[in-house]
Amino acid sequence: MDASTINSLFLIGALLVGASILVSSLSSRLGIPILVIILAVGMLAGVDGGGIIFNNYPTAYLVGNLALAVILLDGGLRTRVASFRVALWPALSLATVGVMITTALTGLIAAWLFNLSLIQGLLIGAIVGSTDAAAVFSLLGGKGLNERVSATLEIESGSNDPMAVFLTVTLIDMIASGETGLHWSLLGHLLREFGIGTLLGLGGGWLMLQLVNRINLAGGLYPILVVAGGLVMFSLTNALHGSGFLAVYLCGLVLGNKPIRSRHGILHMLDGMAWLAQIGMFLVLGLLVTPHDLLPIALPALGLALWMILVARPLSVVAALLPFKAFHGREKGFISWVGLRGAVPIILAVFPLMAGLPDAQLFFNLAFFIVLVSLLVQGTSLPWVAKLLKVTVPPDPAPISRSALEVHITSEWEMFVYRLGAEKWCIGAALRELKMPEGTRIAALFRGEQLLHPSGSTVLEVGDMLCVIGHEHNLPALGKLFSQAPQRGLDLRFFGDFVLEGDAELGAVAALYGLKLDGLDAKMPLAQFIRQKVGGAPVVGDQVEWHGTIWTVATMDGNKIQKVGVRFPEGTRPGPGLFL
């Protein structure tokens, strides 16, 4: 490869990445997932468009694995362990039982539609059987889903790859060797994948945490060290026949949930690297496909994709979530719809090509077609379906920016910047009149371009920008004081006519609103009653019905229900409320 060729590669690569970023601005306007747009850029530049011929499957496999490792590391860093209280076991059930059921149901129809053997059909089912972390993390961000739904989908997408990889590799080996039967030893291989991945992921995350917090480096080197450590865990786990995808996700999870040096610098750089990984991966996968090869299989492939979306995924979700009573029908319906396929199925479809199996090109084209349909149909409709099934909650008010104050190695102090909107009650109030959360301080106040020195007598005006020092747990209280109201089309009465304290006694609540206890303990706290009715770990937005009234979990403090909203039937006149 001479210098001119290398220069051309740099030029083409930079132009494609730049074009993907610029065209991605159409995503929100057209309601099309950004991943579809990037995939389309790759296809348009490929053999049937710009004429770039790319058919190097090992390179695509390399790029895909590297990109997914970075994306999963970033996803783990941003996942809160607190969300595991409501989603860990349901997500693991979906990642194992759900994938197996989806594989079986999809495989049966694939074998029939394309006149393949049963084991070849099951291989297609295994290739497209797992949801994709890149697609889920990208498309669910900012949708305002309740914690039970969002955490379940994110943990599922981060942990279901081992099952899909295991089934794919096993079925490829069986086809290559001419075997037709399954053996119990396969269960041991699966447990080994999960076990080694979990052990090395958690252990590697802990070692990386100690390393980052004990050495002094230039600020920009910590994110690079974290990425390098994540890739070491990914490759080492794969070398030991464990799940590298699971390991790198858990490594990020450990790092993201412990005090760590340069946290915001790490998260900021990983965000950019995750975006670059997604763009590069979907561009390469778009270049890899030959669009005119998809036309002959379009009709049966569309039928298979719709079968998987409308039948296989919903049935697998219902079966996998059967033991978990906290999930109501609307949540199961939404989880069924968000069976997003992305890069993982396309990368898994490269395995048969590299193994030289018959009909391997058909498997690849089918996987690509199903991913395209999934992103277009499911990804495009996510906001509408979430609103229809009522699985969203009003978002917490947020500062316009936040940055870390590295007072010491594991400092958790941050600076939050708020712009005061006209709708905030604090406009016209003096600073001394504000009920600031304990432990927070106003560090600076900007009015226009002028920096003011805030004092107790300073009166707040519309457009003022406040810099507040505090901790992450202060954000809800600060948000009520200073944040701009989010522009969302959610019902302003989402939580009800009144909001009550969770520790209010059931007897007092019943007497206040004229409700019958029907044998319930009058001393029982309202929060405990709601928890029992939910049937599992509650989340903000959970609703239960009691004597025609709707009770909604309004705020949580860890595992504890802090406040509950109550809504009365239309046309009724409620008694006095326990206003907050």
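Any Cβ shown, glycine's included, is placed from N, Cα and C.
Residues 32, 34, 37-38, 41-42, 45, 52, 276, 279-280, 282-283 of the same chain sit 6 or more residues outside the transmembrane segment (6-26) yet have a Cβ under 8 Å from a Cβ within it. Residues annotated as transmembrane segment in Swiss-Prot: 6-26 (among others).
Away from its own ends, the transmembrane segment (34-54) comes close to residues 12, 16, 19-20, 23-24, 26-27, 60, 134-135, 138-139, 278-279, 282-292, 342, 372, 375-376, 379-380 of its chain (Cβ-Cβ under 8 Å, at least six residues beyond either end). Look at Swiss-Prot and you will find 34-54 (among others) tagged as transmembrane segment, backed by sequence analysis.
Per Swiss-Prot, transmembrane segment is recorded for 57-77 (among others).
Annotation source Swiss-Prot lists transmembrane segment at 86-106 (among others).
Tertiary neighbourhood of the transmembrane segment (108-128): same-chain residues 102, 164, 167-168, 171-172, 174-175, 180, 297, 300, 303-304, 307-308, 312, 341, 345, 348-349, 351-352, 359, 362-363, 366-367, 370-371, selected by CB-CB distance under 8 Å and a gap of 6+ residues from either end. The annotation transmembrane segment is assigned in Swiss-Prot to 108-128 (among others).
Within the chain, the transmembrane segment (162-182) has long-range Cβ neighbours (under 8 A, six or more residues past its boundaries) at 95-96, 99-100, 103, 119-120, 122-123, 126-127, 129-130, 189-190, 193-194, 197, 243, 245-246, 344-345, 348, 351-352, 355, 357. Positions annotated as transmembrane segment by Swiss-Prot, on the basis of sequence analysis: 162-182 (among others).
What Swiss-Prot lists as transmembrane segment is 193-213 (among others), and the listing cites sequence analysis.
Annotated transmembrane segment per Swiss-Prot: 240-260 (among others), in sequence order, evidence recorded as sequence analysis.
According to Swiss-Prot, the feature transmembrane segment maps to 269-289 (among others), an assignment based on sequence analysis.
Summarising the annotation, Swiss-Prot assigns transmembrane segment to 292-312 (among others). Note on the transmembrane segment (292-312): residues 48, 101-102, 105-106, 109-110, 113-114, 124, 128, 337, 339, 361-362, 365-366, 368-370, 373-374, 377-378 of its chain, located 6 or more positions outside it, place their CB under 8 angstroms from a CB of the stretch.
The annotation transmembrane segment is assigned in Swiss-Prot to 334-354 (among others).
Feature annotation from Swiss-Prot assigns transmembrane segment to 362-382 (among others); the stated evidence is sequence analysis.
Among the features that Swiss-Prot reports, domain 'RCK C-terminal' is placed at 402-484, with the record citing sequence analysis.
Taking Cβ pairs closer than 8 Å, the transmembrane segment (362-382) reaches residues 31-33, 35-36, 39, 110, 114, 123-124, 127-128, 132, 135, 139-140, 143, 285, 289, 293-294, 297-298, 301-302, 304-306, 308-309, 337-343, 345-346, 348-350, 352-353 in its own chain, all 6 or more past its ends. Scored on C-beta pairs under 8 angstroms, the neighbour of the transmembrane segment (240-260) with the top count among 57-77, 86-106, 269-289 is 57-77.
Comparing 86-106, 269-289, 334-354 for CB pairs under 8 angstroms to the transmembrane segment (57-77), the maximum falls on 269-289.
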